[in-house]
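A short worksheet on the structure shown next.
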Amino acid sequence: MSEEAELIEISGRISSVIYANEENGYTVLRLDTLDGGLTTVVGTLPSAYPGEELRAYGEWVTHPNHGRQFKAEYADRSLPRTAEAIYAYLSGHAVKGVGPATAALIVEKFGDKALDVIEREPARLTEIRGITPRKAGQISADFRRQSGLRRLMELLCSHSLRPLLAVRLYRFYGDDSLAVLEENPYIIAAPHIGGSFSEADTLALGVGCASDDPNRVRAALIFELRHNAANGHCFIPAEKLVPATAQFISVGEESASAALDSLVDDGTVTRCEVAGRDACYLAELCEAEEYVAHRLLAMAKAQLASTSAAPPSGSAAPAGITYAPLQLKAIALAAGSRVMALTGGPGTGKTTTVRAILSVFDSMGIKTLLTAPTGRAAKRMGELTGREASTIHRLLGAGFQPEGERVVFAHDENDPLDCGAVVLDECSMVDITLMRALLAALPPSCRLIMVGDADQLPSVGPGNVFSDVLRSGVIPSVRLTEIFRQAEGSRIVRNAHMINSGEHPNFRENSGDFFFLRRSEERLASETILELCSERLPKRMGIPAEDIQVLTPTRKGPLGSVELNRLLQAVLNPPSKQKRERPFGEAIFREGDRVMQIRNNYDIVWKREGGAGLPAESGNGIYNGDIGYILAVDGETESVKIDFDGRVAECAFDQLAEIEHAWAMTVHKSQGSEYRAVVLALGRGAPQLMTRGVLYTAVTRARELLIAVGREDTALQMIDNHRQSRRYSGLRARLAAGA
C-alpha cells in the first residue's frame with residue numbers, strides 16, 4: 001500500500017513476542033488491544049518487547065496455518081508507563097543483565113520511575129542488593145542502546161519509512177545514527193543501508209532540507225549513475241548526466257554541476273575522457289574497467305612470444321571427428337596464447353572445439369578449471385564436457401564483508417586459484433565487475449579461454465565485456481561460422497541463424513524440431529501454452545514437465561511471465577489439502593512449486609545429502625538464476641525448504657522476495673541455459689523487449705524442440721527490430737588504446 005490513508009490502525013500493549021529475527025527485524029508478536037482482544041501482529045518491528053505500547057499501521061491478512069493476522073507496514077512504539085507494564089518489559093529480557101528476578105527488585109524499588117532511573121541515574125541501581133556499579137553501568141548502557149534504536153525507528157516511521165532501514169542504520173552507526181542522519185538524511189540511500197533515493201528524499205524534505213541542498217543533489221547524481229549501471233552502463237557522459245539529474249529533482253544545472261565536482265573531488269565519481277566522451281563513472285566501475293583492460297592487454301602481449309609454437313599432438317581429432325579450419329585455428333591459438341575469445345552461433349562446434357582445447361591442455365600438463373556465470377550454465381558446461389564446472393561466484397569463494405552488503409571473494413591477487421587455465425563459458429553474460437573479480441583471481445601465468453555467443457543478449461549488469469573484447473581487435477579471437485552436418489537438419493539451428501542475420505524463416509513449415517502455433521488472441525495463446533505444458537508434451541510426447549520451459553519476452557501482460565506462472569501453477573501444481581502454502585505479495589508459494597532465485601544470497605546455508613558414492617556436503621550461497629522445487633512450507637519455523645538441484649536450502653518467509661515461480665521466465669532470465677523443450681510465448685510488448693536479439697536468444701535455448709505460440713507478425717516484427725540499446729562502456733576503447 002502506498003497511501004497512508006489506505007492503512008488500518010490498531011493500538012495496544014505488547015503481550016508477548018513469538019518470533020524475532022535479529023538480522024532484519026522481522027517479528028511476530030501478540031498485541032493486547034485496547035478493546036481487550038489479543039491480536040497477532042507481524043512485520044519489521046525490531047527490538048520489540050512485552051510491555052511496550054504499540055500503534056501499528058497496516059492491513060489484515062489471513063495466514064494459511066495461523067489464521068487472521070495484522071501485517072504492519074510500520075509502527076509507533078513507546079516505553080511502558082505503569083509499574084506492571086515496566087515489569088513485563090524488563091522481565092522479557094529487553095535489557096541485558098535483567099531477568100525476571102532483577103526486574104521485580106527494580107520495579108519494587110522504583111515503581112513507574114524505574115526506566116528513568118536506569119537511563120538517567122544508573123548509580124541508584126546499586127541501592128538494590130546484588131547490583132554492582134559495573135552491572136548498573138551495563139544495564140544503563142544497554143537500555144540507552146535500545147532507546148537509540150527506538151528513537152531512530154520513531155523518526156523513520158513518522159515519515160512512513162521502512163523499519164528495516166532503522167535496523168541497518170543502527171547496525172552501522174550505533175548511538176551516532178541520529179546524528180549521522182541529521183547531518184545527511186541521504187545516507188539512507190547508500191548501498192550499505194539499502195534505501196531508495198525516494199525514501200531518503202521523503203525523509204530529508206520532511207525534516208526541512210532545501211530542494212537544492214548539496215547532499216540532495218549529490219544523492220540524485222549517485223542515483224542516476226546507479227540506475228544506469230543497473231541498465232548496463234558503465235558510465236554516463238557528463239553532458240547527459242548533469243541535465244538529467246537537474247530535471248529529475250527540479251534544480252538548476254549549475255547545482256548539479258557543482259555537486260558532480262564535489263563527488264569527483266571526494267573520489268565517489270571518476271570523471272575522465274573515454275572514446276572522446278566526458279565520461280562520469282561510479283569510482284568502482286571505472287576501476288573495474290581499467291583493471292580488466294590492463295590485465296587482458298598484459299595477457300595478450302605475453303602470448304606473443306609463443307604464438308609461433310605448433311599445436312601439441314593432443315590436438316589430433318578423436319576418431320570420427322574432423323575439425324574445420326577455424327576450429328583448428330582456435331585450438332592452435334589456445335595452445336599458444338595466454339588469452340583468447342571463441343564465439344559462434346548454435347551448431348558451429350563451440351563445444352567440440354572446447355573439448356579439443358581441454359585435451360590439448362591435458363597433454364601439456366595444464367590444470368584447467370571450467371566456470372560459467374550461472375548455476376544452470378555451469379551444469380550444462382559440465383554435462384557437455386564431461387568435467388566438473390562451477391559458477392564464477394562459487395569458484396572464487398563469494399561472500400559478504402563482515403558488515404555486509406558488498407560481495408567479496410576469497411580468491412584474488414593475494415590468494416589466486418590453483419590452476420594453469422580457466423575456460424569461461426557464456427561470456428556474454430559476464431559484467432565488468434564479475435570479469436574484474438575473475439581476472440584478479442588468475443595466477444600470473446594462467447591462461448583464459450572466453451567462450452560465448454556474441455549475438456546473444458548482453459549481461460544484465462554493467463558493461464558489454466564479451467562484445468567489447470571481440471570488437472577491440474586486440475584480443476586473439478575466432479568466430480566459428482560453419483554449421484556442422486549433425487546440426488544442418490535442425491530447424492532450430494537453421495532458423496536461429498536466419499533470425500540472427502535478419503532473414504524471415506518459413507514459420508508455416510511445422511516439422512522436425514521447430515513449430516509455430518499461430519494464435520491471433522493472447523487468451524487463446526495462453527490456453528494453448530497451458531495445454532502444451534500439462535497435456536500434449538508430457539502425455540503425448542513423453543517430455544516430463546521438468547524438461548519443459550516456457551519463455552516470454554516480457555514480465556507483464558497476458559503472456560508475461562507473472563501471469564503465465566499464475567496460470568501454470570493452477571494446472572501443474574494446484575492447491576490441495578496435502579500441500580502447504582504461503583501467500584507472499586501477489587503470489588502463493590506452494591509445496592511442489594518450481595521456483596527461481598532472482599538475486600544472489602551469499603549467506604544462505606545449503607546441504608546436499610550423500611549417496612551413489614558421493615559424500616554429503618554443505619555450503620553457503622544460492623545465486624541469481626538457480627532453479628529449485630519447494631519441498632516444504634513450515635508455518636511453525638516461518639520458512640520454506642527448497643531443493644536447488646540437490647542443494648537443499650531453507651528460506652525464511654521474509655526472504656520470499658528473493659524467489660519467484662519459474663514454469664515461465666523471461667528470455668533474459670534464461671540466458672546461459674538450455675532446455676529439452678521450449679514453449680515460446682509471443683504476445684505484445686515494448687519495442688525494447690521485442691527485438692531480434694531477444695528472439696534469437698529464445699530460440700537458441702531449445703535443445704530438442706521449440707514451439708512458438710502467438711502471432712506470426714510479432715515474430716517477424718522482432719526479426720526486423722534490430723534495436724540494440726547502446727551501452728556506455730569504455731572497455732573497447734581502453735583495449736584499443738593500450739594495444
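Cβ coordinates are placed from backbone N, Cα and C, and glycine is handled just like the others.
For 9-80, the entry in TrEMBL reads domain 'ATP-dependent RecD2 DNA helicase OB-fold'.
Taken from TrEMBL, the feature domain 'ATP-dependent RecD2 DNA helicase-like helix-hairpin-helix' covers 146-235.
Note on K350 (ATP binding site): other Cβ atoms within 10 Å of its Cβ, all shown chains, come to 22. Taken from TrEMBL, the feature ATP binding site applies to G347, T348, G349, K350, T351.
Per TrEMBL, the feature domain 'ATP-dependent RecD2 DNA helicase SH3' maps to 564-644.
DSSP labels the residues of the domain 'UvrD-like helicase C-terminal' (661-708) in these numbers: 12 helix, 19 strand, 17 coil. The domain 'UvrD-like helicase C-terminal' annotation in TrEMBL covers 661-708.
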Do any residues at least six apart in sequence from T351 (ATP binding site), in the same chain, have a Cβ closer than 8 Å to its Cβ, and if so which, in order? L384, T385
Two-stretch contact, the domain 'ATP-dependent RecD2 DNA helicase OB-fold' (9-80) and the domain 'ATP-dependent RecD2 DNA helicase SH3' (564-644), at least three Cβ pairs under 8 Å: yes
Near G349 (ATP binding site), which residues of its own chain have a C-beta under 8 A away, given they sit six or more steps off in sequence? A324, Q327, L480, E482, F484
K350 (ATP binding site) falls, by DSSP collapsed to helix, strand or coil, into helix
Within 10 Å of the Cβ of G347 (ATP binding site), how many other Cβ atoms can you find? Include all protein chains, please. 22
Enter the number of other CB atoms within 10 angstroms of the CB of T348 (ATP binding site). 24
